[in-house]
Amino acid sequence: FQNVGRNERIIDADQTFSPELRHWRDVFWLAIFIIHLIVLGILLAIFGLNRFKTADRLNIDRYTEGFWENNNGLTETYWPKYAVAGGVGTGLGCIWLLLLGSRANQMMKVSVHILTTYLAVISVLCFWCEQFFWGVAFATGAALQFLYVIAVIDRLPFTMLVLQKAVKLVWSLPEVTRVAYAFMAVMLLWMGIWSFGAAGVVASSRGDLGRWWLLVVLSVSLFWTGAVLCNTVHVIVSGLVFLVLLHGGRNASSMPPNSLMKSLRYAVTTSFGSICYGSLFTAAIRTLRGFRSKIGNNECLLCCVDFLFQLVETLVRFFNKYAYVQIAVYGKGFNRSARDAWELFQSTGVEALVAYDCSGAVLLMGTILGGLITGTCAGVWTWITWRDRVIMVGSTAMLMGMVLVGLAMVVVESAVTSIYICYAEDPSLIRRWDPQFFNQMSETLHQRLQHRSAQAREVLTQNQLDSHMQDPFHL
(Lines of atoms letter the chains of each structure in order from A and count residues from 1; the text may use other names and numbers.)
(Lines give C-alpha, C1' and ligand atoms only; values in the text may rest on other atoms or scores of the structure.)
Protein backbone atom coordinates (compact mmCIF):
# COMPACT_ATOMS: atom_id res chain seq x y z
CA PHE A 1 0.00 0.00 0.00
CA GLN A 2 0.99 3.56 -0.58
CA ASN A 3 0.58 5.37 2.67
CA VAL A 4 1.88 8.70 1.39
CA GLY A 5 -0.65 11.42 2.12
CA ARG A 6 -2.94 9.21 4.19
CA ASN A 7 -1.78 10.39 7.57
CA GLU A 8 -2.69 13.95 6.70
CA ARG A 9 -6.25 12.92 5.87
CA ILE A 10 -6.52 10.89 9.07
CA ILE A 11 -5.35 13.85 11.13
CA ASP A 12 -7.98 15.97 9.39
CA ALA A 13 -10.58 13.35 10.28
CA ASP A 14 -9.86 14.07 13.93
CA GLN A 15 -11.48 17.46 13.38
CA THR A 16 -14.54 16.23 11.50
CA PHE A 17 -17.03 17.47 14.09
CA SER A 18 -15.64 21.00 14.06
CA PRO A 19 -18.46 23.37 12.97
CA GLU A 20 -16.00 25.43 10.89
CA LEU A 21 -15.43 22.44 8.57
CA ARG A 22 -19.13 21.77 7.95
CA HIS A 23 -21.17 23.48 5.24
CA TRP A 24 -24.59 22.79 3.76
CA ARG A 25 -24.24 20.46 0.76
CA ASP A 26 -26.59 19.61 -2.13
CA VAL A 27 -29.24 21.99 -0.84
CA PHE A 28 -31.23 21.74 -4.09
CA TRP A 29 -31.92 18.04 -3.51
CA LEU A 30 -32.81 18.69 0.10
CA ALA A 31 -35.46 21.16 -1.09
CA ILE A 32 -36.73 18.69 -3.70
CA PHE A 33 -37.08 15.96 -1.08
CA ILE A 34 -38.96 18.19 1.36
CA ILE A 35 -41.28 19.52 -1.37
CA HIS A 36 -41.87 15.94 -2.51
CA LEU A 37 -42.87 14.93 1.03
CA ILE A 38 -45.29 17.86 1.39
CA VAL A 39 -46.95 17.34 -2.00
CA LEU A 40 -47.16 13.58 -1.53
CA GLY A 41 -48.55 13.98 1.99
CA ILE A 42 -51.37 16.14 0.62
CA LEU A 43 -52.12 13.64 -2.16
CA LEU A 44 -52.08 10.71 0.26
CA ALA A 45 -54.53 12.50 2.52
CA ILE A 46 -56.84 13.18 -0.44
CA PHE A 47 -56.69 9.58 -1.70
CA GLY A 48 -57.32 8.16 1.75
CA LEU A 49 -60.04 10.56 2.88
CA ASN A 50 -61.96 10.24 -0.38
CA ARG A 51 -62.74 6.61 0.45
CA PHE A 52 -62.72 6.76 4.25
CA LYS A 53 -66.07 5.54 5.68
CA THR A 54 -67.92 7.03 2.70
CA ALA A 55 -67.24 6.30 -0.97
CA ASP A 56 -66.23 9.44 -2.87
CA ARG A 57 -66.37 11.62 0.24
CA LEU A 58 -64.55 14.48 -1.51
CA ASN A 59 -66.56 14.09 -4.73
CA ILE A 60 -63.51 13.70 -6.96
CA ASP A 61 -64.64 10.58 -8.82
CA ARG A 62 -66.48 12.80 -11.31
CA TYR A 63 -63.10 13.91 -12.65
CA THR A 64 -62.09 10.33 -13.46
CA GLU A 65 -65.15 9.25 -15.40
CA GLY A 66 -64.27 7.63 -18.71
CA PHE A 67 -60.74 6.51 -17.79
CA TRP A 68 -61.20 5.32 -14.20
CA GLU A 69 -63.52 2.49 -13.16
CA ASN A 70 -64.91 3.78 -9.88
CA ASN A 71 -66.61 1.54 -7.33
CA ASN A 72 -67.72 1.67 -3.71
CA GLY A 73 -64.56 0.38 -2.04
CA LEU A 74 -63.48 1.96 1.26
CA THR A 75 -60.07 2.89 2.62
CA GLU A 76 -60.61 1.10 5.93
CA THR A 77 -61.13 -2.17 4.05
CA TYR A 78 -57.43 -2.32 3.11
CA TRP A 79 -55.74 -0.08 5.65
CA PRO A 80 -55.65 -2.85 8.34
CA LYS A 81 -53.76 -5.07 5.88
CA TYR A 82 -51.07 -2.42 5.64
CA ALA A 83 -51.10 -2.10 9.43
CA VAL A 84 -50.25 -5.81 9.59
CA ALA A 85 -47.43 -5.22 7.09
CA GLY A 86 -46.05 -2.38 9.20
CA GLY A 87 -46.28 -4.47 12.35
CA VAL A 88 -44.63 -7.53 10.81
CA GLY A 89 -41.86 -5.46 9.19
CA THR A 90 -41.18 -3.63 12.43
CA GLY A 91 -41.18 -6.88 14.36
CA LEU A 92 -38.69 -8.50 11.98
CA GLY A 93 -36.45 -5.44 12.14
CA CYS A 94 -36.54 -5.39 15.94
CA ILE A 95 -35.82 -9.12 16.13
CA TRP A 96 -32.82 -8.62 13.87
CA LEU A 97 -31.47 -5.84 16.09
CA LEU A 98 -32.12 -7.83 19.27
CA LEU A 99 -30.27 -10.87 17.89
CA LEU A 100 -27.51 -8.78 16.33
CA GLY A 101 -24.83 -9.85 18.79
CA SER A 102 -25.73 -13.49 19.37
CA ARG A 103 -27.37 -14.86 16.23
CA ALA A 104 -26.65 -12.37 13.45
CA ASN A 105 -24.30 -14.64 11.46
CA GLN A 106 -26.73 -17.56 11.64
CA MET A 107 -29.56 -15.30 10.48
CA MET A 108 -27.50 -14.09 7.51
CA LYS A 109 -26.62 -17.65 6.52
CA VAL A 110 -30.28 -18.61 6.73
CA SER A 111 -31.18 -15.62 4.54
CA VAL A 112 -28.75 -16.75 1.85
CA HIS A 113 -29.99 -20.34 1.73
CA ILE A 114 -33.70 -19.97 2.47
CA LEU A 115 -34.47 -17.11 0.08
CA THR A 116 -34.47 -19.39 -2.96
CA THR A 117 -36.91 -21.78 -1.29
CA TYR A 118 -39.17 -18.97 -0.14
CA LEU A 119 -39.30 -17.46 -3.64
CA ALA A 120 -40.16 -20.87 -5.08
CA VAL A 121 -42.97 -21.36 -2.52
CA ILE A 122 -44.46 -17.95 -3.33
CA SER A 123 -44.24 -18.81 -7.02
CA VAL A 124 -46.29 -21.96 -6.41
CA LEU A 125 -48.85 -19.97 -4.42
CA CYS A 126 -49.14 -17.44 -7.26
CA PHE A 127 -49.77 -20.22 -9.78
CA TRP A 128 -52.34 -21.72 -7.40
CA CYS A 129 -54.10 -18.33 -7.23
CA GLU A 130 -53.97 -18.19 -11.07
CA GLN A 131 -51.57 -15.25 -11.02
CA PHE A 132 -49.40 -16.65 -13.80
CA PHE A 133 -47.32 -13.53 -14.47
CA TRP A 134 -46.28 -13.21 -10.84
CA GLY A 135 -45.75 -16.96 -10.60
CA VAL A 136 -43.27 -16.81 -13.47
CA ALA A 137 -41.64 -13.70 -11.98
CA PHE A 138 -41.06 -15.31 -8.57
CA ALA A 139 -39.90 -18.59 -10.18
CA THR A 140 -37.38 -16.63 -12.25
CA GLY A 141 -36.25 -14.82 -9.11
CA ALA A 142 -35.76 -18.16 -7.33
CA ALA A 143 -33.69 -19.50 -10.24
CA LEU A 144 -31.52 -16.37 -10.40
CA GLN A 145 -31.00 -16.41 -6.64
CA PHE A 146 -29.94 -20.08 -6.76
CA LEU A 147 -27.52 -19.45 -9.65
CA TYR A 148 -26.08 -16.40 -7.90
CA VAL A 149 -25.38 -18.32 -4.69
CA ILE A 150 -23.71 -21.08 -6.71
CA ALA A 151 -21.62 -18.50 -8.59
CA VAL A 152 -20.32 -16.80 -5.42
CA ILE A 153 -20.13 -19.82 -3.12
CA ASP A 154 -16.34 -19.50 -2.93
CA ARG A 155 -16.67 -15.88 -1.77
CA LEU A 156 -19.05 -16.59 1.09
CA PRO A 157 -16.42 -17.60 3.70
CA PHE A 158 -14.63 -14.26 3.36
CA THR A 159 -17.96 -12.42 3.19
CA MET A 160 -19.15 -14.04 6.40
CA LEU A 161 -15.84 -13.18 8.06
CA VAL A 162 -16.26 -9.49 7.17
CA LEU A 163 -19.86 -9.51 8.36
CA GLN A 164 -18.87 -11.22 11.60
CA LYS A 165 -16.30 -8.52 12.34
CA ALA A 166 -18.78 -5.77 11.39
CA VAL A 167 -21.35 -7.26 13.79
CA LYS A 168 -18.70 -7.41 16.51
CA LEU A 169 -17.93 -3.74 15.94
CA VAL A 170 -21.60 -2.67 15.96
CA TRP A 171 -22.38 -4.78 19.02
CA SER A 172 -19.72 -2.85 20.95
CA LEU A 173 -21.70 0.34 20.23
CA PRO A 174 -25.17 -0.19 21.78
CA GLU A 175 -26.22 3.38 20.94
CA VAL A 176 -26.16 2.40 17.27
CA THR A 177 -29.14 0.08 17.71
CA ARG A 178 -31.04 2.84 19.51
CA VAL A 179 -30.54 5.07 16.48
CA ALA A 180 -31.94 2.31 14.24
CA TYR A 181 -34.97 1.88 16.52
CA ALA A 182 -35.62 5.63 16.45
CA PHE A 183 -35.52 5.80 12.66
CA MET A 184 -37.74 2.73 12.39
CA ALA A 185 -40.30 4.59 14.51
CA VAL A 186 -40.06 7.64 12.22
CA MET A 187 -40.45 5.43 9.14
CA LEU A 188 -43.42 3.68 10.72
CA LEU A 189 -45.15 7.02 11.30
CA TRP A 190 -44.67 7.99 7.66
CA MET A 191 -45.88 4.56 6.56
CA GLY A 192 -49.09 5.16 8.52
CA ILE A 193 -49.77 8.17 6.28
CA TRP A 194 -48.49 6.44 3.14
CA SER A 195 -50.58 3.30 3.67
CA PHE A 196 -53.69 5.43 4.32
CA GLY A 197 -53.37 6.93 0.85
CA ALA A 198 -52.35 3.63 -0.74
CA ALA A 199 -55.38 1.91 0.78
CA GLY A 200 -57.56 4.65 -0.73
CA VAL A 201 -56.00 4.02 -4.14
CA VAL A 202 -56.54 0.27 -3.87
CA ALA A 203 -60.20 0.89 -2.95
CA SER A 204 -60.77 3.38 -5.74
CA SER A 205 -61.29 1.08 -8.72
CA ARG A 206 -61.44 -2.49 -9.96
CA GLY A 207 -59.08 -3.78 -12.62
CA ASP A 208 -57.93 -0.31 -13.63
CA LEU A 209 -54.44 0.24 -15.06
CA GLY A 210 -54.43 3.80 -13.70
CA ARG A 211 -54.60 2.43 -10.16
CA TRP A 212 -51.43 0.42 -10.76
CA TRP A 213 -49.63 3.47 -12.11
CA LEU A 214 -50.62 5.47 -9.04
CA LEU A 215 -49.31 2.71 -6.77
CA VAL A 216 -46.05 2.60 -8.74
CA VAL A 217 -45.59 6.35 -8.20
CA LEU A 218 -46.39 5.98 -4.49
CA SER A 219 -44.00 3.02 -4.24
CA VAL A 220 -41.15 4.97 -5.86
CA SER A 221 -41.76 7.76 -3.36
CA LEU A 222 -41.75 5.30 -0.45
CA PHE A 223 -38.58 3.71 -1.79
CA TRP A 224 -36.84 7.09 -1.97
CA THR A 225 -38.04 8.08 1.50
CA GLY A 226 -36.94 4.74 2.92
CA ALA A 227 -33.56 5.02 1.19
CA VAL A 228 -33.07 8.50 2.63
CA LEU A 229 -33.75 7.28 6.18
CA CYS A 230 -31.56 4.18 5.69
CA ASN A 231 -28.70 6.28 4.36
CA THR A 232 -29.13 8.79 7.17
CA VAL A 233 -28.61 5.92 9.61
CA HIS A 234 -25.71 4.83 7.38
CA VAL A 235 -24.03 8.24 7.73
CA ILE A 236 -24.57 8.38 11.49
CA VAL A 237 -23.29 4.86 12.14
CA SER A 238 -20.38 4.96 9.70
CA GLY A 239 -19.19 8.27 11.13
CA LEU A 240 -19.20 6.85 14.64
CA VAL A 241 -17.56 3.56 13.59
CA PHE A 242 -14.85 5.42 11.67
CA LEU A 243 -14.02 7.50 14.74
CA VAL A 244 -13.92 4.40 16.95
CA LEU A 245 -11.47 2.70 14.58
CA LEU A 246 -9.47 5.90 14.17
CA HIS A 247 -9.03 6.55 17.89
CA GLY A 248 -8.58 2.91 18.89
CA GLY A 249 -11.85 2.46 20.80
CA ARG A 250 -14.88 4.37 22.01
CA ASN A 251 -13.30 4.91 25.43
CA ALA A 252 -10.08 6.40 24.08
CA SER A 253 -9.14 9.76 25.58
CA SER A 254 -8.76 11.27 22.08
CA MET A 255 -12.32 10.32 21.11
CA PRO A 256 -14.40 13.49 20.48
CA PRO A 257 -17.13 14.01 23.12
CA ASN A 258 -20.78 13.44 22.18
CA SER A 259 -19.71 11.84 18.90
CA LEU A 260 -23.04 10.16 18.25
CA MET A 261 -25.14 13.30 18.79
CA LYS A 262 -22.81 15.37 16.63
CA SER A 263 -22.90 12.76 13.89
CA LEU A 264 -26.71 12.71 14.14
CA ARG A 265 -26.96 16.49 14.01
CA TYR A 266 -24.77 16.82 10.94
CA ALA A 267 -26.52 13.93 9.19
CA VAL A 268 -29.95 15.59 9.48
CA THR A 269 -28.72 19.13 8.75
CA THR A 270 -25.66 20.01 6.65
CA SER A 271 -25.25 16.56 5.05
CA PHE A 272 -28.93 15.75 4.60
CA GLY A 273 -29.06 17.19 1.06
CA SER A 274 -26.22 14.90 0.00
CA ILE A 275 -28.07 11.94 1.51
CA CYS A 276 -31.26 12.84 -0.39
CA TYR A 277 -29.28 13.19 -3.62
CA GLY A 278 -27.37 9.95 -3.31
CA SER A 279 -30.45 7.98 -2.22
CA LEU A 280 -32.05 8.58 -5.61
CA PHE A 281 -29.41 6.59 -7.46
CA THR A 282 -27.21 4.39 -5.29
CA ALA A 283 -29.70 1.51 -4.87
CA ALA A 284 -30.46 1.32 -8.60
CA ILE A 285 -26.77 1.41 -9.56
CA ARG A 286 -25.88 -1.28 -7.01
CA THR A 287 -28.72 -3.46 -8.32
CA LEU A 288 -27.47 -3.13 -11.90
CA ARG A 289 -23.91 -3.85 -10.81
CA GLY A 290 -25.09 -6.93 -8.94
CA PHE A 291 -26.91 -8.11 -12.07
CA ARG A 292 -23.70 -7.76 -14.04
CA SER A 293 -21.88 -10.00 -11.55
CA LYS A 294 -24.52 -12.67 -12.11
CA ILE A 295 -23.93 -12.78 -15.85
CA GLY A 296 -20.17 -12.44 -15.57
CA ASN A 297 -19.56 -15.92 -17.08
CA ASN A 298 -22.00 -15.53 -19.96
CA GLU A 299 -19.80 -14.11 -22.72
CA CYS A 300 -22.63 -13.84 -25.27
CA LEU A 301 -24.89 -11.88 -22.93
CA LEU A 302 -21.98 -9.75 -21.76
CA CYS A 303 -21.20 -8.93 -25.38
CA CYS A 304 -24.76 -7.67 -25.90
CA VAL A 305 -24.89 -5.46 -22.82
CA ASP A 306 -21.24 -4.47 -22.52
CA PHE A 307 -21.89 -0.84 -23.38
CA LEU A 308 -24.69 -0.58 -20.80
CA PHE A 309 -22.55 -1.92 -18.00
CA GLN A 310 -19.55 0.15 -19.00
CA LEU A 311 -21.90 3.04 -18.31
CA VAL A 312 -22.95 1.43 -15.03
CA GLU A 313 -19.33 1.02 -13.92
CA THR A 314 -18.78 4.70 -14.73
CA LEU A 315 -21.83 5.64 -12.67
CA VAL A 316 -20.55 3.56 -9.76
CA ARG A 317 -17.70 6.03 -9.51
CA PHE A 318 -20.25 8.74 -8.78
CA PHE A 319 -22.92 6.80 -6.88
CA ASN A 320 -21.61 4.25 -4.37
CA LYS A 321 -22.41 3.42 -0.76
CA TYR A 322 -18.87 4.24 0.37
CA ALA A 323 -19.57 7.89 -0.37
CA TYR A 324 -21.65 8.06 2.81
CA VAL A 325 -18.59 7.35 4.94
CA GLN A 326 -16.82 10.28 3.30
CA ILE A 327 -19.91 12.43 3.90
CA ALA A 328 -19.98 11.42 7.56
CA VAL A 329 -16.25 11.88 8.17
CA TYR A 330 -15.34 14.87 6.03
CA GLY A 331 -18.69 16.61 5.41
CA LYS A 332 -18.22 16.62 1.63
CA GLY A 333 -20.91 16.77 -1.04
CA PHE A 334 -22.11 13.47 -2.45
CA ASN A 335 -20.43 13.55 -5.87
CA ARG A 336 -17.06 14.47 -4.44
CA SER A 337 -17.41 11.86 -1.69
CA ALA A 338 -18.24 9.10 -4.16
CA ARG A 339 -15.39 10.08 -6.48
CA ASP A 340 -12.86 10.31 -3.65
CA ALA A 341 -13.92 6.95 -2.19
CA TRP A 342 -13.63 5.26 -5.57
CA GLU A 343 -10.25 6.84 -6.33
CA LEU A 344 -9.02 5.81 -2.88
CA PHE A 345 -9.96 2.20 -3.56
CA GLN A 346 -8.46 2.30 -7.06
CA SER A 347 -5.16 3.83 -5.92
CA THR A 348 -4.66 1.35 -3.08
CA GLY A 349 -5.96 -1.77 -4.81
CA VAL A 350 -8.68 -2.24 -2.18
CA GLU A 351 -11.27 -2.10 -4.97
CA ALA A 352 -10.31 -5.70 -5.80
CA LEU A 353 -11.20 -6.72 -2.25
CA VAL A 354 -14.46 -4.75 -2.30
CA ALA A 355 -15.46 -6.39 -5.59
CA TYR A 356 -14.75 -9.84 -4.12
CA ASP A 357 -16.82 -9.21 -0.99
CA CYS A 358 -20.54 -10.08 -1.19
CA SER A 359 -21.64 -8.64 2.15
CA GLY A 360 -23.94 -6.11 0.49
CA ALA A 361 -25.67 -8.90 -1.44
CA VAL A 362 -26.05 -11.04 1.69
CA LEU A 363 -27.62 -8.17 3.63
CA LEU A 364 -29.86 -7.44 0.65
CA MET A 365 -31.02 -11.06 0.70
CA GLY A 366 -32.02 -10.66 4.35
CA THR A 367 -33.87 -7.46 3.49
CA ILE A 368 -35.72 -9.11 0.60
CA LEU A 369 -36.60 -12.11 2.76
CA GLY A 370 -38.04 -9.78 5.41
CA GLY A 371 -40.04 -7.99 2.73
CA LEU A 372 -41.35 -11.27 1.32
CA ILE A 373 -42.49 -12.45 4.75
CA THR A 374 -44.23 -9.12 5.33
CA GLY A 375 -45.90 -9.19 1.92
CA THR A 376 -46.99 -12.79 2.44
CA CYS A 377 -48.68 -11.98 5.75
CA ALA A 378 -50.59 -9.04 4.27
CA GLY A 379 -51.32 -10.95 1.06
CA VAL A 380 -52.76 -14.00 2.82
CA TRP A 381 -55.19 -11.86 4.80
CA THR A 382 -56.18 -10.00 1.64
CA TRP A 383 -56.72 -13.29 -0.20
CA ILE A 384 -59.17 -14.40 2.50
CA THR A 385 -61.29 -11.26 2.09
CA TRP A 386 -60.60 -9.73 -1.35
CA ARG A 387 -58.88 -12.22 -3.66
CA ASP A 388 -58.69 -9.83 -6.62
CA ARG A 389 -56.46 -7.42 -4.63
CA VAL A 390 -53.88 -9.94 -3.34
CA ILE A 391 -50.99 -8.98 -5.62
CA MET A 392 -51.63 -5.27 -5.30
CA VAL A 393 -51.67 -5.25 -1.49
CA GLY A 394 -48.98 -7.95 -1.18
CA SER A 395 -46.46 -6.21 -3.44
CA THR A 396 -46.80 -2.82 -1.75
CA ALA A 397 -46.71 -4.46 1.69
CA MET A 398 -43.52 -6.24 0.63
CA LEU A 399 -41.92 -2.87 -0.13
CA MET A 400 -42.93 -1.63 3.33
CA GLY A 401 -41.34 -4.67 4.94
CA MET A 402 -38.12 -4.27 2.95
CA VAL A 403 -37.76 -0.65 4.04
CA LEU A 404 -38.30 -1.47 7.73
CA VAL A 405 -35.99 -4.49 7.75
CA GLY A 406 -33.45 -2.54 5.69
CA LEU A 407 -33.25 0.06 8.45
CA ALA A 408 -32.08 -2.69 10.78
CA MET A 409 -29.66 -4.22 8.27
CA VAL A 410 -28.01 -0.91 7.41
CA VAL A 411 -26.19 -0.70 10.75
CA VAL A 412 -24.07 -3.71 9.78
CA GLU A 413 -23.55 -2.43 6.23
CA SER A 414 -22.33 0.87 7.67
CA ALA A 415 -19.73 -0.95 9.73
CA VAL A 416 -18.60 -2.92 6.66
CA THR A 417 -18.14 0.21 4.55
CA SER A 418 -16.27 1.96 7.36
CA ILE A 419 -13.93 -1.00 7.74
CA TYR A 420 -13.03 -0.86 4.04
CA ILE A 421 -12.56 2.91 4.04
CA CYS A 422 -10.31 2.68 7.11
CA TYR A 423 -8.35 -0.18 5.55
CA ALA A 424 -7.79 1.88 2.40
CA GLU A 425 -6.97 5.08 4.32
CA ASP A 426 -4.57 3.47 6.77
CA PRO A 427 -4.33 -0.34 7.19
CA SER A 428 -2.74 0.11 10.61
CA LEU A 429 -6.16 1.17 11.96
CA ILE A 430 -7.54 -2.30 11.24
CA ARG A 431 -4.34 -3.98 12.46
CA ARG A 432 -4.61 -2.14 15.77
CA TRP A 433 -8.29 -3.06 16.14
CA ASP A 434 -8.01 -6.77 15.15
CA PRO A 435 -4.59 -8.06 14.05
CA GLN A 436 -5.86 -11.47 12.96
CA PHE A 437 -8.61 -9.94 10.83
CA PHE A 438 -6.06 -7.54 9.32
CA ASN A 439 -3.87 -10.49 8.28
CA GLN A 440 -6.84 -12.26 6.71
CA MET A 441 -7.86 -9.16 4.78
CA SER A 442 -4.30 -8.56 3.59
CA GLU A 443 -3.90 -12.16 2.48
CA THR A 444 -7.18 -12.11 0.58
CA LEU A 445 -6.30 -8.79 -1.07
CA HIS A 446 -2.93 -10.19 -2.13
CA GLN A 447 -4.65 -13.21 -3.70
CA ARG A 448 -7.18 -11.04 -5.54
CA LEU A 449 -4.50 -8.74 -6.91
CA GLN A 450 -2.49 -11.76 -8.09
CA HIS A 451 -5.64 -13.16 -9.71
CA ARG A 452 -6.28 -9.90 -11.54
CA SER A 453 -2.67 -9.71 -12.69
CA ALA A 454 -2.89 -13.24 -14.05
CA GLN A 455 -6.09 -12.37 -15.89
CA ALA A 456 -4.51 -9.24 -17.33
CA ARG A 457 -1.49 -11.21 -18.56
CA GLU A 458 -3.78 -13.81 -20.11
CA VAL A 459 -5.77 -11.14 -21.95
CA LEU A 460 -2.57 -9.45 -23.13
CA THR A 461 -1.16 -12.75 -24.40
CA GLN A 462 -4.41 -13.55 -26.21
CA ASN A 463 -4.45 -10.12 -27.85
CA GLN A 464 -0.86 -10.61 -29.04
CA LEU A 465 -1.76 -14.02 -30.49
CA ASP A 466 -4.81 -12.56 -32.23
CA SER A 467 -2.71 -9.77 -33.66
CA HIS A 468 -0.11 -12.25 -34.91
CA MET A 469 -2.79 -14.39 -36.55
CA GLN A 470 -4.21 -11.37 -38.37
CA ASP A 471 -0.79 -10.21 -39.57
CA PRO A 472 1.50 -13.26 -39.72
CA PHE A 473 4.23 -11.39 -41.67
CA HIS A 474 4.52 -8.63 -39.07
CA LEU A 475 7.77 -8.85 -37.10
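Including glycine, each Cβ sits where the backbone N, Cα and C put it.
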266-285, 326-345 - the one TrEMBL records as transmembrane segment: 266-285
The transmembrane segment (27-49) touching the transmembrane segment (110-128) per 3+ Cβ pairs under 8 Å rule: no
Folded-back contacts onto the transmembrane segment (361-384), same chain, C-beta under 8 angstroms, at least six residues removed: 78, 81-82, 84-85, 88-89, 92-93, 96, 107-108, 111-112, 114-115, 118-119, 122, 129, 145, 148, 152, 156, 159-160, 163, 290, 390-391, 393-395, 397-402, 404-406, 409, 412-413
Other parts of the chain folded back onto the transmembrane segment (82-104), taken as Cβ under 8 Å at six or more residues beyond its ends: 163, 167, 170-171, 177, 180-181, 184, 188, 191-192, 195, 198-199, 366, 370-371, 373-375, 377-378, 381, 393, 396-398, 400-405, 407-409, 411-412
Criterion met for the transmembrane segment (213-246) and the transmembrane segment (133-153) (at least three Cβ pairs under 8 Å): no
Top Cβ-contact partner of the transmembrane segment (390-423) among 133-153, 179-201, 266-285 (pairs under 8 Å): 179-201
